[in-house]
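Pulled from Swiss-Prot, these are the features on record:
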- Lys122, Arg125, His200, Arg217: isopentenyl diphosphate binding site (BINDING)
- Asp207, Asp211: Mg(2+) 2 binding site (BINDING)
- Asp207, Asp211: Mg(2+) 1 binding site (BINDING)
- Arg216, Lys300, Thr301, Gln338, Lys355: all-trans-polyprenyl diphosphate binding site (BINDING)
Amino acid sequence: MQLRTGAASVVRTGLGLTQSRCAVQSLTAVPLERRIRQSKAFYHNTKKNDSAWAAAVSVAGNIVNNAVTKAIKGTDGLPTIDPLRLVAGEMKFLTGNIRKLLGSGHPSLDRAAKYYTQAEGKHVRPLIVLLMSRATALCPKAPQRQQSTLQASAAIDTSISPLNILSDFNPSDATPVSIPADTDILPSQRRLAEITELIHTASLLHDDVIDHSESRRGAPSANLEFGNKMAVLAGDFLLGRASVALARLRHAEVVELLATVIANLVEGEFMQLKNTARDEKNPKWSEETLTYYLQKTYLKTASLISKSCRASALLGGADAATVDAAYLYGKNLGLAFQLVDDMLDYTRSEKELGKPAGADLELGLATAPLLFAWKTMPELGPLVGRKFEKEGDAARARELVLQSNGIEQTRALAQDYAEKAIEAISGFPDSEAKDGLIEMAVKTLKRNK
């Protein structure tokens with residue numbers, strides 16, 4: 001199978017991700033480890049030369065050699081792969097299945113809970129889960145995981161407790177879902193994709209209340225349509241139904257992973273309440289500021305993608321190396337995705353985004369473009385400290401960011417994380433699904449909303 005320019009070029013030998021490594025083409029670009037030598041900078045404070053900031057500066061200096069950049073250019077004229085086409089059969093049933101999982105005997109709750117499923121969302125997270133499920137189907141299996149894999153797929157619509165207990169005084173319950181035939185994606189992996197979207201949608205409902213959002217996906221936000229109380233309760237209901245579906249997978253490690261995601265979302269939201277670890281009134285720029293931001297970004301965005309990818313490989317019975325590689329792909333892709341999202345807040349209009357543009361500054365949030373700009377523009381410090389509350393603060397901060405190289409630095413760091421995502425799955429056997437995962441990393445950098 002022929003890959004697009006840049007896709008094959010990031011695949012390298014000697015990384016030790018799996019034992020079933022195909023013959024691959026070596027990188028002609030500057031080796032990744034020479035540009036960014038650590039992948040855990042956002043978990044711990046690090047030495048100056050091994051920090052997230054040092055990595056970002058190094059990445060920006062070598063961006064012309066970046067393999068993902070070459071993939072985006074597509075100089076060989078090959079058509080790009082459409083990841084959605086590869087799992088179209090499963091995605092076709094996604095929204096309908098989710099709505100079946102959300103049935104409630106309370107009409108108002110039913111409408112609020114299903115509100116965001118009516119709009120046409122990107123469904124990026126379930127798409128990634130399904131692609132990962134198909135890509136890891138060809139990878140080595142762990143014999144000790146086969147029994148739990150069979151259990152997880154055998155009874156995803158079967159309750160563990162008696163139904164009369166679960167549905168007492170509630171005339172409506174989750175109903176069996178539609179399953180496409182003749183596919184190498186297991187029923188448990190399809191259900192995982194639906195659970196992932198449920199958790200993500202619940203986080204949108206809660207975030208829109210916290211952020212006082214007025215629009216979502218080009219329509220009035222749920223909090224505007226139903227009020228804050230109903231929106232919060234609807235989000236809680238989605239998490240409840242996701243938890244039930246998760247329990248019925250009957251796979252303890254997967255339950256632990258996705259339950260941790262829900263906790264991570266809350267932890268990340270608490271971290272976002274302040275822009276720096278010390279929350280000073282007149283903070284000074286430091287490398288730890290970017291570390292704090294990346295940790296928050298992992299918790300709020302990358303945790304769901306990374307742990308869902310890992311869970312997908314576990315449900316397929318993959319060996320430990322494949323499971324770890326799936327996690328690394330999701331972690332790095334999730335970080336790249338959010339970095340691009342934060343960049344678009346400065347470069348796109350509300351009409352293009354389908355949600356308010358410039359919202360981060362209005363909410364008092366200092367994201368990557370501003371943090372990079374702050375390094376050379378210390379006058380941003382007092383604005384960050386008071387969370388852009390004074391009249392004109394947000395406009396001034398935006399002006400300074402656009403005058404700096406903050407957006408370019410953010411783009412460079414996002415490209416590096418995308419390359420690391422591609423590198424993580426380089427040991428997977430060649431397949432259309434693997435190519436689709438590579439294309440998802442490329443599309444993450446090219447998206448404009």
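Numbering starts at 1 and runs along the chain as it is shown here.
Cβ atoms here come from the backbone N, Cα and C positions, even for glycine.
Structure with Swiss-Prot features highlighted.
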residue	record	DSSP class
Lys122	isopentenyl diphosphate binding site	coil
His200	isopentenyl diphosphate binding site	helix
Asp207	Mg(2+) 2 binding site	helix
Arg216	all-trans-polyprenyl diphosphate binding site	strand
Lys300	all-trans-polyprenyl diphosphate binding site	helix
Gln338	all-trans-polyprenyl diphosphate binding site	helix
Inter-residue C-alpha distance, Lys122 (isopentenyl diphosphate binding site) and Arg216 (all-trans-polyprenyl diphosphate binding site) (nearest angstrom): 12
Rounded Cα separation (Å) that holds between Arg125 (isopentenyl diphosphate binding site) and Asp207 (Mg(2+) 2 binding site): 17
Inter-residue C-alpha distance, Asp207 (Mg(2+) 2 binding site) and Gln338 (all-trans-polyprenyl diphosphate binding site) (nearest angstrom): 15
Asp211 (Mg(2+) 2 binding site) and Arg217 (isopentenyl diphosphate binding site), Cα-Cα, nearest whole angstrom: 15
Count of other CB atoms lying within 10 Å of the CB belonging to Thr301 (all-trans-polyprenyl diphosphate binding site): 24
Spatial separation of Thr301 (all-trans-polyprenyl diphosphate binding site) from His200 (isopentenyl diphosphate binding site) - C-alpha basis, Å: 9
Rounded to the nearest Å - Cα separation of Lys300 (all-trans-polyprenyl diphosphate binding site) and Asp211 (Mg(2+) 2 binding site): 14
Max CA-CA distance, Å, over listed isopentenyl diphosphate-binding residues Lys122, Arg125, His200, Arg217: 16
Sparsest Cβ surroundings (other CB atoms within 10 Å) among the binding-site residues Lys122, Arg216: Lys122
Neighbour count (Cβ, 10 Å) for Asp211 (Mg(2+) 2 binding site): 18
Pairwise Cα distance for Thr301 (all-trans-polyprenyl diphosphate binding site)/Asp211 (Mg(2+) 2 binding site) [Å, integer]: 16
C-beta crowding around Asp207 (Mg(2+) 2 binding site), within 10 angstroms: 18
